[in-house]
Number of protein chains: 2
Amino acid sequence: MKNCIVAQSGGPTSVINASAMGVFKANEELHYFDNVYAGINGIEGILNENIINLSHIDSEVINRLIYTPSSGLGSCRYKLKTYEDNKEEYIKLFEIFKKHEIDTFFYIGGNDSMDTVHKLSNYAKEHNLPVKFFGVPKTIDNDLPVMDHTPGFGSAAKFISTIALENKLDASVYTAKNVFVIEAMGRDTGWLAASSCIATLNGEPVVDLIYLPEVAFDEAKFLKDVAKKLEEKNSVIVVVSEGIRTADGTFLGEMGGTGLDKFGHAQLGGVCSYIKNVITENGVCKKVRAIELSTMQRCAMHFASQTDIDEAFNCGFAALKYSAEGESGYMIGIKRVSNAPYKSETFAVHTSKVANSIKYFPKEWINEEGNNVTKEAYEYTLPLIMGEPKIQYENGLPKYAFITK
Amino acid sequence: MKNCIVAQSGGPTSVINASAMGVFKANEELHYFDNVYAGINGIEGILNENIINLSHIDSEVINRLIYTPSSGLGSCRYKLKTYEDNKEEYIKLFEIFKKHEIDTFFYIGGNDSMDTVHKLSNYAKEHNLPVKFFGVPKTIDNDLPVMDHTPGFGSAAKFISTIALENKLDASVYTAKNVFVIEAMGRDTGWLAASSCIATLNGEPVVDLIYLPEVAFDEAKFLKDVAKKLEEKNSVIVVVSEGIRTADGTFLGEMGGTGLDKFGHAQLGGVCSYIKNVITENGVCKKVRAIELSTMQRCAMHFASQTDIDEAFNCGFAALKYSAEGESGYMIGIKRVSNAPYKSETFAVHTSKVANSIKYFPKEWINEEGNNVTKEAYEYTLPLIMGEPKIQYENGLPKYAFITK
């Protein structure tokens, strides 16, 4: 018997299941492995032998999983230590692989997961163990180096832009001046906040000001930016990254977290509520609304990008295909072949080039004022959000699959 | 010349434009009026003669407005005083009506707007002024009496349920116990929070606990409810109304608003962040996420209910039709004719029966524990969220119309 196992790791996305099902479907077509197993809850679950055989799952459920957001196989936030620091774990893991006759392990995740693939692949080579390891990219943050973009980003970008667009319409109905603040994810990089540049109305950008972690946040400058925009229009839309920080490196999200309410509860406001307070307390605008998109932006399959779903699936498919002749320790990336018409293809890259590394939003795509992005950012992001998802409906809602419980 | 004017008032919904366009399209078919004008920013805008002729707008834009969320004609929060308290305003308004040869005024809104229709209609009758006034219902809160439900509610319910469903999947990926709190709108009534009962996965409800303004909030009981659910499952989903309050009538949303951060800024947390703090500070669960759906739930046309859009349009259409022979001071309501298959029709009701009155969520649809809703609530809500909206797309996003600026 020659089996493979696929698992998911880190924060979910709308399309991570499409990648897992890409691995499974590729094997249905190519028959490289006798069984495709899934490790439930990532490497942590595999260590607990929480393993299922995907062939035992109804094919209708498999097809629905492609259009089901979040990690259908569960996830974990488990940073594998080095072999020297945790020999028992490595030994146990390879015993489990041997027991289930695992030839190949596919890990779908971001930087940390690629670090795991890298470590396990090296360990297997050094100890002549017959298991190969491959990575499949996943992160809404879009911060993996080498590749053009990551599966998960396009769908999150589409949701963020749609929310900006719709709430611009909502914020514009009254005659009173107002500011609407949207907080996007992205602790280290501004890709998600920047993606809101896609939203337009009558050809004009919807978002007036965008603040990224790549630019030091200056409160006085920010207040001036907002005041200036409020002179031009009634309703000003601001998008901020959760990771914006001041010149000395202090995260804004941490600055609002020290207040206590009258019961002594800590008031842990996010960046957007901090920003809201800054605007009102400084008298720049009385009417400010702030929304934190939180996990909604990483699981909004109901309005995901079909391009993103297809590419996520293709990455899983390509990983299985590559595994037959490819060398262990590699991962799949996405290359942009052309932008108009948009065309992408997959390629293989060694995990050492991706693990523990970050791709920042390009400085040259940020405007001189440091409060918005350029046309290049718009052109980069636009093709990634294209296409409406082919989801099934039941009783007026998307019909999602749920197999782990 | 015999003209009519339509205007929108109060908080926007996803389908309020469908009602306005229903009025316009009915006149295209029936030719009751020479012109259909729109008052921009409600009665406040009409007082400033901010009036446009809808026939001058491109028919393609009109068709897109039907599928554009928020008040395309602008809105206001303007409570008309009594004639005795503001004679000048009444006189000015009717002068503007006379100047533009307005025969009929259609006002799309909630309780307050119906109070305006009621007052103006009475004033016109008492002073023998030849202007008739009709109301068209609108509110995501679903709190207008007499009618089965209001346009706007179904689309908000669909968005809330979808977000609950998708974030249940997101919250379920890790093995650690966690609580996910969603805050829905509804200051006085719990219809919106209760509508989350629609979300199901594998036939099981997604939302574990629902708290409505109709039940006094008891913190100790709440913490017990959450702890009990956490014994049964890893991931507990809680939906709260923004209007929940303690037995003495204190809104929870006000209780979290007294903290100051280290800069002396007030930390104005919503109900969901208060609830989050209550859970963590009392040691019931360490991992709690809270999201406030805020204005997103009232403008999410990208996933609105087609049933809701159709009914909103029908209400506008019926209002114009009724205006030909009907008596001034009436509004259109929706009656449920049958539930399976779902069928509704419009009817006319005097605004005095609706103005300044509230329809609460039925006590008999709340479970004994006061922490969830019954099967009747599910069956009531389900038909209202059915159908995907027939929106146009451009560059991967909905193509919305924007005419007021």
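Placement of Cβ uses the backbone N, Cα and C atoms for every residue, glycine included.
All annotation found in TrEMBL is predicted automatically rather than curated by experts.
Classification of A:Asp141 (active site, proton acceptor) by DSSP places it in coil, neither helical nor stranded. Residues or ranges marked as active site, proton acceptor by TrEMBL: A:Asp141.
Reduced to three states, the DSSP call for A:Gly11 (diphosphate binding site) is coil. Of all the Cβ atoms in the protein chains shown, 23 others lie within 10 Å of the Cβ of A:Gly11 (diphosphate binding site). If you look up TrEMBL, you'll see A:Gly11 marked as diphosphate binding site.
Long-range Cβ contacts of A:Asn111 (Mg(2+) binding site) within its own chain (separation 6+, distance under 8 Å): A:Thr139, A:Asp143, A:Leu144, A:Val354, A:Ala355, A:Asn356, A:Ser357, A:Ile358. What TrEMBL records for A:Asn111 is Mg(2+) binding site.
Per TrEMBL, substrate binding site is recorded for A:Thr139, A:Ile140, A:Asp141, A:Met185, A:Gly186, A:Arg187, A:Glu242. In three-state terms derived from DSSP, A:Gly186 (substrate binding site) belongs to neither a helical nor a strand segment and is classed as coil.
Taken residue by residue with DSSP, A:Asp112 (site 'Important for catalytic activity and substrate specificity') is part of a helix. Take the CB of A:Asp112 (site 'Important for catalytic activity and substrate specificity') and look out to 10 A: across all protein chains shown you find 16 other CB atoms. The site 'Important for catalytic activity and substrate specificity' annotation in TrEMBL covers A:Asp112.
The site 'Important for catalytic activity' annotation in TrEMBL covers A:Lys138. Around the Cβ of A:Lys138 (site 'Important for catalytic activity'), a 10 Å sphere holds 31 further Cβ atoms from the protein chains shown.
The least crowded of the binding-site residues A:Ile140, A:Met185, judged by other CB atoms within 10 A of its own CB, is A:Met185. Non-local neighbourhood of A:Glu242 (substrate binding site): A:Glu183, A:Ala184, A:Met185, A:Gly186, A:Arg187, A:Gly253, A:Gly270, A:Val271, each in the same chain, at least six residues away, with C-beta under 8 Å from its C-beta. In sequence order, A:Gly11, A:Asp143, A:Ala184, A:Asp188, A:Thr189, A:Trp191, A:Leu192, A:Ser241, A:Gly243 are the residues of the same chain, not among A:Thr139, A:Ile140, A:Asp141, A:Met185, A:Gly186, A:Arg187, A:Glu242, whose CB sits within 8 A of the CB centroid for the substrate site. Between the two most distant C-alpha atoms of the annotated substrate binders (A:Thr139, A:Ile140, A:Asp141, A:Met185, A:Gly186, A:Arg187, A:Glu242) there are 16 Å. Listed in sequence order, the recorded positions from A:Asp112, A:Lys138, A:Ile140 having a Cα within 10 Å of the Cα of A:Gly11 (diphosphate binding site) are A:Lys138, A:Ile140. Taking Cβ-Cβ distances under 8 Å and a sequence gap of 6 or more within the same chain, the neighbours of A:Asp141 (active site, proton acceptor) are A:Gly110, A:Thr150, A:Phe153, A:Met185, A:Gly186, A:Arg187, A:Asp188, A:Thr189, A:Trp191, A:Leu192.
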